[in-house]
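This report concerns only the one structure given below.
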Amino acid sequence: MLAYILRRVLYALPILIGVNLITFALFFVVNTPDDMARMHLGMKRVTPEAIERWKDEHGYNMPLLYNAESGGLDSLTETIFFEKSVKLFAFQFGQSDSGRDIGHDIRQRMWPSLLIALPTLLLGLVVYLSFALLLAFFRGSYIDIGGVVLCIILMSISALFYIIGGQYLVGKMLHLVPISGFDTGWQALKFTILPVLIGVVAAIGSNGRFYRAIFLEELGRDYVRTARAKGTSEPRLMFRHVLKNAMIPVLTNIVVILPLLFMGSLIMESFFGIPGLGSYTIDAIQNQDFAIVRSMVFLGSVLYILGLLLTDISYTLVDPRIRLS
Amino acid sequence: MTIPTKQLGGLLGLCWLLLAGCGDQPWNSPYPASDQDANIHYSSFEERPKHLDPARSYSSNEVVFLGQIYEPPLQYHYLKRPYELIPRSAEAVPEPVYLDAEGKALPADAPADAVAYSEYRIRIKPGIRYEPHPAFARDAAGDHVYHDLDARALEGRHSLQDFSRTGTRELVAADFVYQIKRLAHPGLHSPILGLMSEYIVGLADYAATLGRAWNELKQEAGDSDGLYLDLRDHPLAGAEVIDRYTYRIRIQGRYPQLVYWLAMPFFAPVPWEVDYFFSQPGMKARNLTLDWYPVGTGPYRLTVNNPNLEMVLERNPHFRGETYPTEGEPGDREAGLLDDAGRSIPFINKAVFKLEKEQIPYWNKFLQGYYDSSGISSDSYDQAIKVGEGGEVGLTEQMRDKGISLQTAVATSIFYMGFNMLDPVVGGDSESARKLRRAIAIAMDYEEFVAIFLNGRGVPAQGPIPPGIFGHRDGEAGINPHVYDWVDGRPQRKSIEEARRLLAEAGYPGGRDAETGSPLVLNFDTTGGGPDDKARMDWLRKQFDKLDIQLVIRATDYNRFQDKMRNGTAQIFQWGWNADYPDPENFLFLLYGENSKAEKNGENAANYRSAEFDRLFERMKNMDNGPRRQAIIDEMLAIARRDGPWLWGFYPKSFGLHHAWLKNNKPNLMARNTLKYKRIDTDLRKRLRREWNAPVVWPLALVAGVLVVAVVPAWIGYRRRMHMRGRRD
């Protein structure tokens, strides 16, 4: 397994370089270093000298990808791309263009994102699996048909509607929890209830249907018939056999999104005023802070690759027949 | 099914914790229960302030904080209108002494070309002390405790709270001079360095000297982290200390607008100790900078700077003390604005600014009483404002029932549509180009624009100077006679027939080039262009359609739009300006030829240049307000209206809503240090919050009931299925 992991890590390197290059190209197609300087220096009374000084100070006065004035290897290393990218591979995110320590900001802001995302994931998992098992158990009945119709209705509603509707109903009309906001320590709990609830409800439709389909597929397999023939009770069959054997697609669905939990939810964080990594990235894009954008994209890529690796490893845990080689 | 005791205990514990957090306050309160009786002002901010260093900050969302923390020499009177400067940390508003080239004093009415220098002597109030700060902390030997820190000493310190010891010291004149020097610091990129270099004697050379010194320091150290450029070692001829409490600013020629700058944070004092403290190695890497942690002598100090969540201002324990104004303008006494006259300020102990990126949650929290004031977005306009038959605005019944009050004021800003005067079709000073611009100006119905898109929150402009600024004239004397007629005591836009006549005279009868017969196609350069802007763009096309002119919307991203403006390749565009200070010079300079954006990188976005206008501007800008200045401004406005480089657009109107418990509200669009005048009736706020936010729990029971009802058939189905299987087996 170690060789497999090592090989996957080595495969990841060109992927990360590619992602970095694409991010770099996309960012600088839209923003030039002069634009960035103007954005950071403000809109009023900015002189060309101030722009040049800002670029000089922040290392944006070099060519983007190729330095024709330098020779040999320097023509590639004395560029903005090299200077700004190489330290990422050592997870040194450096300072944002506005002078903040990005690593410190990420460490601070991942917790609010996790505080919302983890309970949403765990509670959601319990709800979606239970709901899907219920529908699978009553397959073909009115309960199943009603459940599927409900899923389709829930899937058809925009995520924004859940957020605004949830805030309006629970926070504004019923006065049960704060409409938005966040706090530190235990005080944060009351701010997590509504976003978690909305996060879970908003995904019941899609996840309910997805897991139901998986369970129905499992229910048609030979081992289920054999178990029934041997007198296994229906609840035991569902929870001990069907659920266990359906774990591979379930795990694929979960582990892949695990890294994304760190990255936060863009809309949810914005509407609830949650100071997570989602809003951090959005703010950076709006403020043309390339240092943060590239760091977040890099981090997202690393976590995604890690997630895929974890998925592969988790397969071996739930299915002893699978070997990584 | 049974729930294990351990899990049940955990669940109950969590519920208890949540309820304990709520205390006896409403469940939906976003604030700690312990704060419900506290004298705290609640407000919000939409985006992180970029700069809190007074040498760099130039945005209105930053000065909301800096205005309460830093004390520049002057401030605006809170109540009086027109806006009047009064002393803040200075003892008096300084009067300039005019000097000739030999340094001899000249009389106050000396002609501008005889004045080589103006000297402002500013004496500050003694006994003012800085807020507690680790930069001032000293040990028993009198040495600064935190002025010799290395990387090890900084380990684990990420905020100012991580420094256990603080100190203070008296404000001295040298701190003001130090800050003026900071405007030229090469590492700070002060936005007003360019402007001030034109006026403060020696500042341009000083910036060059500092640049060289800074580069030498950097070359020696190899990095700018941990470098301190001691500005005290570099004298500046234009800013000198006279004695402990007096300093002098020397200006080239006359520049009466300097006093307005003296009311801005750019000229607030910065102590060298603080600058030195934050310059130590490792500080910047830990986000410890003056740009993040302002240090002042004002009524408040920033105790929490977490712009991802909240920013908190708390009363500065060392504040010198100030009293509420004892006079205002007529009507202020009746409005209760002088009820606190002569009382010691500030009234509020703490101000909490919460991050609110979206309007909807912000508005709902305001209605629940969790914010003390609010603006009105277009989403909430109908809920808040009722427009009467005569066009007068008032609050809806819902707002009045809550005791909310409305305050409106015409902002000292302008949004205009400009013609690029370098453009061969719409620009230039030929008579035909003038007529084309004038025809478009008549066709563009800004009254309709304000009614449709701003819900009436704007006033169609007659010229570049907004109401409330010297030079603006109301009534018939103030209208733009090329676009409006004065009919029945109000301005009336000229008819579209008149516009068509002008268009024909310009060489485009029926919207076609008289020579070639080809249709007249004009380009409107703008940012955005997404679905949100569609209605506005359609309206704009409709205005040009009135003249059979085809308007092409050239939408692009903000950066490219800025490029077009800088290169002078845009044709028609929309732009705006927010006053730095209440002086006509700050608006008329937007049309001064030497400020051309394309040629001089200035703020004259239309690239308008008129020798006559420029000559008058140069005379007007250095004059004191009075009939002579007004006469010149009238002349300038007549030229600008005749040439029409702008469609004058509109002056936006600000609408503010305040809850009944927030006292002493008066819109002051120039002063940013107004928090100290506000007062809160905390008992009333607490009572109303409880009244408005009683939890409604019956729907929870209903949901539980519905779930039970839904579970019953499932349970019956389950039992039946179990039973059936048993029978089959």
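Using N, Cα and C of the backbone, Cβ positions are placed for all residues, glycine too.
Nobody curates TrEMBL annotations by hand; they come from automatic prediction.
According to TrEMBL:
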TRANSMEM  A:9-30  transmembrane segment
DOMAIN    A:110-314  domain 'ABC transmembrane type-1'
TRANSMEM  A:114-138  transmembrane segment
TRANSMEM  A:145-165  transmembrane segment
TRANSMEM  A:185-205  transmembrane segment
TRANSMEM  A:246-268  transmembrane segment
TRANSMEM  A:296-318  transmembrane segment
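Long-range contacts of the transmembrane segment (A:114-138) within the same chain: residues 144, 147-148, 188, 192, 195-196, 199-200, 203-204, 207-212, 214-216, 219, 234, 238-239, 242-243, 250, 254, 257-258, 260-262, 264-265, 268-269, 272, 274, 276, each at least 6 residues beyond the stretch ends and with a Cβ under 8 Å from a Cβ of the stretch. Counting same-chain residues at least six beyond the ends of the transmembrane segment (A:9-30), those with a Cβ under 8 angstroms from any Cβ of the stretch are 64-65, 81, 84-85, 88-89, 290, 293-294, 297-298, 301-302, 305. Non-local neighbours of the transmembrane segment (A:185-205) in the same chain are 112, 115-117, 119-120, 123-124, 127-128, 131, 150-157, 159, 162-163, 166-167, 170-171, 177-179, 265, 268, 272, 274; each lies 6+ residues outside the stretch with a CB under 8 Å from one of its CB atoms. Residues 1, 4-5, 8, 12, 15-16, 19-20, 23, 88, 106, 244, 247-248, 251-252, 255-260, 262-263, 277, 280-281, 284, 324 of the same chain sit 6 or more residues outside the transmembrane segment (A:296-318) yet have a Cβ under 8 Å from a Cβ within it.
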